[in-house]
Amino acid sequence: WIMGHMVNAIYQIDEFVNLGANSIETDVSFDDSANPEYTYHGVPCDCRRWCKKWEYFNNFLKALRKATTPGDSKYHEKLVLVVFDLKTNSLYDHQAYDAGKKLAKNLLQHYWNNGNNGGRAYIVLSIPNLSHYKLITGFKETLKNEGHPELMEKVGFDFSGNDNIDQVAKAYKKAGVTGRVWQSDGITNCIASFIRGLDRAKEAVANRDSSNGFINKVYYWTVDKRATTREALDAEVDGIMTNDPDVIADVLNESAYKAKFRIATYDDNPWETFKK
């Protein structure tokens, strides 16, 4: 999965997919009452990026629905996965359940069209704080209460705080999550990737590939350089988040990687661990 980073303005959906992304990451900021409000990152953000592009969250969802609904004039067949980077650090821990509830209601109405031929992309809810695990509970229970528990099959999870993998496992246990787990690892592109290294990403890959692991997919962020792309592919990650999808696509075309990797399509289940 080539994951376009910080796609917060509607026009950027086309821009990133046209550069080669089959997945996008979108920031979601919340108001004081835990309502998802804007697709907005804010300052600071990655180097060489404008941090302040934004839309109202529901307007973005409607545009995203069009981009992922077959037959729509804005449809992109290859856009198959969306990561919502949920900026819940602005909330109190006790608001996490409400944030999940309100997020589910917004997605149900504006993205899934109340279950009536809505957008088809798989969705990853990426949460920065392990203590906000109740966001998952709130999301799940709301879809059930609204009569659409089946839509949870399109939803996976990520804790994005670079926490100890054992602690991440405990948070999922509390949330009752037993699958559909993506694990992120990484650092802003402003800091040279070798300073962080790929040790934790490799630890996540080892968990993914073990018989008793809880992780299904691993992605590494934010990668804009060819050398780092190669290192991430050599570590056998499933996804690379990038500001420059064309760079990742170029490296995937190199002879060393062409035979081993391909770009995921809608038929590739993002919740299944890939067996070599």
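Yeah, the Cβs are placed from backbone N, Cα and C, and that goes for glycine too.
ASP85 is the residue from ASP72, ASP85, ASP93, ASP98 that Swiss-Prot records in the Mg(2+) site together with GLU25, ASP27.
Relative to GLU25 (Mg(2+) binding site), the recorded positions with Cα atoms inside 10 Å are HIS5, the candidates having been HIS5, CYS45, CYS47, CYS51, CYS190. Compute the center of the Cβ atoms of GLU25, ASP27, ASP85, which mark the site for Mg(2+); besides them, the chain residues with Cβ within 8 Å of that center are HIS5, MET6, VAL7, ASN8, THR26, VAL28, HIS41, VAL83, PHE84, LEU86, SER126.
Taking the binding-site residues GLU25, ASP27 in turn, the residue surrounded by the fewest other Cβ atoms inside 10 Å of its Cβ turns out to be ASP27. Working note on the disulfide-bonded residues CYS45, CYS51: by count of other C-beta atoms within 10 Å of each C-beta, CYS45 ranks first.
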